[in-house]
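According to Swiss-Prot, the protein carries these features:
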- 61-72: compositional bias 'Basic and acidic residues' (COMPBIAS)
- 50-72: region 'Disordered' (REGION)
- 513-532: region 'Disordered' (REGION)
- 143-182: repeat 'WD 1' (REPEAT)
- 185-224: repeat 'WD 2' (REPEAT)
- 227-266: repeat 'WD 3' (REPEAT)
- 270-309: repeat 'WD 4' (REPEAT)
- 312-353: repeat 'WD 5' (REPEAT)
- 432-471: repeat 'WD 7' (REPEAT)
Amino acid sequence: MSSDSGPLHRRTIPISVHIFSGFFYAPFYAPQLTQFIVTITMYSTYQRPAGYQPRQQPQGEEDRRPAHRRTVDHGSAFGKWHLDRLSGRTIQPANMRSEQSYIVDLLPPSAYTNINGSLRSTNPHITSVAATPAKFIQVALNKVRHPVYSATWTPDGRRLLTGSMSGEFTLWNGMTFNFESIMQAHESGVRSLKYSHSGEWLLSGDHEGNVKFWQPSLNCVNVIDKAHRESIRELAFAPSDHKFVTGSDDGLLKIWDFHESSNAESVLKGHGWDVKSVDWHSELGLIVSGSKDNLIKLWDPRSAKNVNTFHGFKNTVMKTTFQPTGTKRLLAAGCRDRTCRILDLRMLNSGSSEAGPTAGTDMPTRGDRSMAVLRGHDSDVFSLTWHPTHANVVTSGTKTGSIYTFNVDTTPAGGAYGPDSGILPVNTIPSAHDYCVSTLDYHPEGHVLCSGGLDRMTRFWARPRPGDPTSFRDKYYEPKEEGVSVKTLPGVNNATSRAGMARVEHVSTQHFNTAQPEVTDDEPVSIPGFAR
């Protein structure tokens, strides 16, 4: 071998060789297969090209590591829950504390609820552990960024679908949160996305007032051109999925037949300004709408008449949504007066639009327990959603990009109910987005929250693991001298609760370094009328 051919390079090639080791004469035995790995060492020559220069490593590159993609796999939690149910073990959520050794005991959010959706434990700390999205997971960005107007999880929870100002649908993986697909769905911004209760259809409404019908494969099968004169703000399906309602900035609500959608079946008139939100109750014959005229109206979809109007809001009502689980008799409303209100439909006086334009129900006075006010927001509330498995948990997003989680069963500040008091958040994520949080949606199992904002980002949040120092602190995770405050764990012996508890330090992330508002430690008390 000539010397100018270059240095010798050794290459090791593994080759799999399959050999039958023997046969068994028993009729039910098959031949066993033994696999051997044979390593062959080969030598080859390699001539470097003329002018070859070794790559210079940039300064500081040796410290770089491959990017780690976070994955949220809830299979282990469901597996443990299934085994516990088969073995007849009882769940004791009061034993869940902020210490890393309790990670193995973490169960799915639905494991901590009763049949009616209420928490099995009266310990508010369990709500924080099981249902509070306090851990940042991943940010999802399109190659060409546009404000995110709407987001919804697919019914199976495997993917997330977002709609942007450019009219694009973007499909994200629900476990690794990476990009999967993108398509041009509308010619203008996608303002609303809604899956049917059966999961077989998807409706989308855009900024120009058009409605499109989609199959789960995102195949468009029907279009209603100019369903409204102005932007469609929200859509909602009837419990049977045979009808749906749309709300628009033209001040009208329209009820459509899903199979005969050429013309609106009925038009609901009564709002004096833009309709910002609409929802159809999953059991009752009720439609709720919120408007820029500072009013909330309840409608009878059969007669297309207004059956009640709620006065007393100080600004635009941006979001109205019925309770999806539990008793399903609560109504949540987010307003641009920096508050949210929880209304109990069972304790409200009836009113009728036929009595005059001002007929309706005023906001309850102090001491009236038909309403609870959720306070503590740093700016106007633009988005609101209920937790899918915990009937007493509500999450809201504000204009400044913060996300708040409330437990409506806690005692209002001041110990009284009414518009002058308020329930404070159990967890706050300051500056979750750089600007307004335009949409919020929980995973069907409730362990992951998606938020979309006008900062052109989609972010994913999960409940923190016990003792996770990087999660955002709440009043139940607030570190004390010996770890978690014992008085936030009612029913747990002080001596045993202090044993083995590590001090939880709060580690700020690069994007979220705003100080969290101080929250008082109030003992949880169920609100009469909110009982499930």
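Glycine is no exception: its Cβ is also placed from the backbone N, Cα and C atoms.
The shown structure was predicted, so the numbers you read here are calculated from the model rather than taken from an experiment.
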Along the repeat 'WD 1' (143-182), what average pLDDT does this model show?
-> 94
Lying 6 or more residues past either end of the repeat 'WD 4' (270-309) yet within Cβ distance under 8 Å of it, the residues of that chain are 197, 230, 233-239, 243-253, 255, 315-322, 324, 328, 331, 333, 335, 345, 348, 350-354, 359-361
Any contact, the repeat 'WD 7' (432-471) to the repeat 'WD 1' (143-182), with at least 3 Cβ pairs under 8 A | yes
Tally of DSSP helical, extended and coil residues in the repeat 'WD 3' (227-266) | 0 helix, 18 strand, 22 coil
